[in-house]
Amino acid sequence: MAGQFRSYVWDPLLILSQIVLMQNVYYGSLGLWLALVDGLLRSSPSLDQMFDAEILGFSTPSGRLSMMSFILNALTCALGLLYFIRRGKQCLDFTVTVHFFHLLGCWLYSSRFPSALTWWLVQAVCIALMAVIGEYLCMRTELKEIPLNSAPKSNV
């Protein structure tokens, strides 16, 4: 069917490369946000901050700042969706995929399934923020006007 607007072609290599790219964006920006928090608290960086579900919490300043890092990371990853995925329909798919792999990483790292309620709440908020803001940004670019006349205008 020729002439379809934005026809979608199944390309598994593209999808896999986008998944890997979004995982890199997720962990790269999370690492930067956590490094900034560690610099503010003058604490030593640790992989526990990324992968241990017990670190996140309201009771300690480091737990609150780590939660803030995850929230800011969701906003940063929404920009990653805009620049690397570029399709509003796929934002939720890639967001859930990134967080699913993060769940698996946390499970493997700590050798137990994450059971902390605050970890699940933070992940739910991050999924919602990343998907909604990413979809909004992608839809804004998808709905831009398409110029129909590219020839220079003449004064008559």
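Glycine is treated like the rest: Cβ placed from N, Cα and C.
All annotation found in TrEMBL is predicted automatically rather than curated by experts.
Taken from TrEMBL, the feature transmembrane segment covers 12-36 (among others).
Long-range contacts of the transmembrane segment (65-85) within the same chain, counting only residues at least 6 positions beyond its ends with a Cβ under 8 Å from a Cβ of the stretch, are 18, 21-22, 25-26, 29-30, 33-34, 36-37, 40-41, 49, 55-58, 91, 94-95, 98, 118, 122-123, 125-127, 129-130, 133-135, 137-138, 141. Among the features that TrEMBL reports, transmembrane segment is placed at 65-85 (among others).
Within the same chain, residues 18-19, 22-23, 26, 47, 50-53, 77, 81, 85, 119, 123, 126-127, 130-131, 134-135 sit at least 6 positions outside the transmembrane segment (92-110) and bring their C-beta atoms closer than 8 Å to a C-beta of that stretch. Look at TrEMBL and you will find 92-110 (among others) tagged as transmembrane segment.
As annotated by TrEMBL, transmembrane segment applies to 116-138 (among others).
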